[in-house]
Every structure is written in C-alpha cells, then in structure tokens.
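Under the heading S-palmitoyl cysteine, Swiss-Prot lists 3, 6. Residues annotated as phosphothreonine in Swiss-Prot, with similarity to another entry given as evidence: 12. The annotation region 'Disordered' is assigned in Swiss-Prot to 14-35. Taken from Swiss-Prot, the feature phosphoserine covers 21, 26, and the record attributes it to similarity to another entry. Here Swiss-Prot flags 82-143 as domain 'SH3', drawing on sequence analysis. Swiss-Prot lists 149-246 with the feature domain 'SH2'. Swiss-Prot lists 185, 420, 531 with the feature phosphotyrosine. Positions annotated as domain 'Protein kinase' by Swiss-Prot, on the basis of sequence analysis: 271-524. The active site, proton acceptor annotation in Swiss-Prot covers 390.
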C-alpha cells in the first residue's frame, strides 16, 4: 500500500545504482548541539508550510490514512489568500497561569507569535481563546512531527531505552532522525528471540533524490507514512512487522511558564511544601507545588550555607544548562532561606534507590545503562565548559523507567560552611574527590571524571560507601601513595579498568566524558552492527 516500487517475485530486479545517487554527506553527532531544536520564528502569514506533501514533480501524494493532501485541513486561508500552517496538540496540557491555554490532544491552533522560544502565543480553533502554549506539545498538522511514531532527534541508546520499557510488545517501533546521515531517518523496532531475548533492531531509512524513502531499493515510498503502512502489514524482510508505535512520554518543560522564562525569581508564597523527601547537611528537599498546580522539587538551604548574591549569580548560569540528563532548574527564591525549585524526580536519589529501593534487584546491564546516562549528562557539562564539583550517587536523581538525571551541579563551590571549605573537614566528600582537588582546590572537569569513577563503584556495589573500612584521612593518604580500590565483587574486569582509567594521578590522562559515554553506551553492543541489513532486504 502506498508503495511506489515494490518488488514482486516476477518483477525485474532494480539496479543498485540508485544507492550511489544518495547524498551521503556526514551529519551531526547526536548530543553535540546543546541548543534545543525549535521551529523557526515566524509571523502570522509567514509560517513555513510544513504540510506540503507535493513532490518535485508537483504530483500530490496521498497522506497516510487515506487523506489526500489537497483536501487536508492543515492550512488556514487568510483574507489575503495566503496560507497559514495550523498546528495540532500532541498531548493534553493543563494551564498553569492565566497567560497560558489548557488544551486536549488533537486540538488545532493558529500560531500568532513564536518569538518567545519555548512558548508560543496561539489561538485555539476549538475554543477561540488566545494564550501561550508550550511549543514542544504541538506539531504542524499532517506533518511527520505529528505522527505517534515520530520521535525526532532521539539517539540510538535513548531509542532502545524507550522501546525496552516494560509493557512494550514485540513489534513496538519508532522513527527518529539518523545520527550518522543528515536528512535520513532510522527505524527502531523491539524484537525478541531465544538467544537474545528482548532487544532492539535499527534500520536506516534512506532518502531518494526526488524526495521518496526506502529501507531497500526494492520497496520505495513517497512518504514515511506510506513506508510505515507497508511494514505494518508485512515484515517484508524486517525482523517483524510494525505493530504499535512506542509510547511517547510527556515532553519536559524547561520553564514553569512563559513569565518565569526570563524572570525566574519567584515569591516564596507561590510555593507549597507538601512532603519532605530528604534532610541533608545543608538543608532539606521537599516535594511541593508551584501556583498550587505544578509539581516541583524544592531544595531549602539553611541560612548561612551560601551567599544569596553568589547563589543568584551561579543560578544565572545553571538556568541556561538544558539537557535531558540534567535536572532542570525552574526558579529560585534568593532571599534566605534560599529555595531552589527544580523538576521533580519521583524515585529519589540514586543512592537511596540502590540501597533501599527498586535498585537492589537491578542487574549489570541496567546499572551500566544508568552510568551511561550520567556520563551523557556530564558530557554536556563538559561541552559547556562547566564543572559539577560534587558528582556522586547522592546527587543523581532517578525517575520512571530508570531515567537518571544529574542534580546540584555547581552548588558545591558556593558553600561557606567551615567544615566543608576546609576540604578535609567532616562535611567534605573526600572519598569522591580527586586528590588534586581535595589537597589543592584544583577542581576541573577532570576531577569530575575521578568522581565518576567512584560513582561507578557505588553502582556496582548497590550504594556501598567507597573505601570501606577507611576514614577520610586514611583515604587521602593512601590515594596519594597510589592506592586504588580493587575490583568489586561481580564487577567485570573491563569495567574496573575503566574506573582505574578515571583515577589516573595525572588529570590529563583521565578520559573525557564523551569517551565514557560512548564506552558505556556500547558496553554490551560493541561487537554487533549498529544497523541491521534485514532478511531479504
């Protein structure tokens, strides 16, 4: 169905020359661009027409689902006759302030102003109301971005994490941008067999010069929708047929509202502390709400912990750090007692998760994957020329699906407590700190790499305190003499060798987080091809 050129048994075989005409220019590497991807800014009558499915020859193509592109409702005609692209809601959204709109999945909008970045001013065609909507909750009508199976800029490892989530059957699939070939896509499918059990296979979707798509030259399609329809009806050489699109989690918002995007010092009265989650040396962590309707985490700092002026200066930098493996800073109350408002992670700290929570039953593949997620977040911090200074499992938070995010980055530098600033005082995390940082205060991204090596031991030992049986002074002395922790029980030698690499005396000999991310993401798949050729493809 929708197949432009499907090979039947009696059909003549297509030549392979078409492959050579593909544009194989090298594309970006996933994760190197820290800037979120947005649609371009546009005015009411200058929105690019994402809904145009007409090929180079001007022939109208049939859109997936049998709707002809010439009659779809994705374009609103203005009085002057110009077309304005309509957007459709991909999720439900509940308004948080009087400035934004509540809406339901499937609702259509005309975009009035997109100059606010993550928040667009829009008019609902259902209610006629005008207000702000989060831009990552909508997509152009009839575009591939609006399809349930399209995940956009998603890396191979993250695709595998989502597809292997509990409850997805064999044949669950998604399509994402190719990491290696600009303009191409990847089809990722959950599969199962006796030898591997549940696993994911990836197929490259290539683009024809005339705008079509194919996995094999024997079956070419004018649209991705038609390709999905075809392989939903038959495996046709894939590991299995496409059964159901992977579930999309709600996209995260990097701001509480359009107003807090730039003015994010908020009144203390707008926050409600509901449940205390933890109590530390410098304050408490609460689950709470903002404006009575938005769940957040609130870190309250004891008065005197840090200078409000210094904190606000550092928070300006922290607010700009946006990555899906970093806990997002939303807002602050900068007068003492200082409140730090962040996204809420429902499984708590990685340390507690490993010692007393669901993490006790985790096997090595899950633990290595969690380490890879932390490395991915730290690789972003590395690219941004920032430093964490206090990387350990207590400062990693866990969410549903074993998602890990880095918290408290940058705060350690601001602490003014004498028991901490002495670096060898009772409150200082000596066992996680590189010797050059503990002894001489030389904190760099390479001292963070040392700490990451210690965090790896926490993962494989399910939260055991590093250097068991040794106090802080003994650890400092022994490490300076060259002592390194031995390989933990049941830890693979190759993983311990990575820890030792992180603990090199010379900081410059330690690996980068980019290397650590790649090593850990490919730890169990290094010997397998990244893309499947497919049977009979």
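Positions of Cβ are set from backbone N, Cα and C atoms, glycine also.
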What is the interatomic distance between the Cα atoms of residue 390 (active site, proton acceptor) and residue 185 (phosphotyrosine), given in whole Å?
38
Which residue counts does DSSP give the domain 'SH3' (82-143) for helix, strand and coil?
3 helix, 33 strand, 26 coil
Within 10 Å of the Cβ of residue 185 (phosphotyrosine), how many other Cβ atoms are there?
21
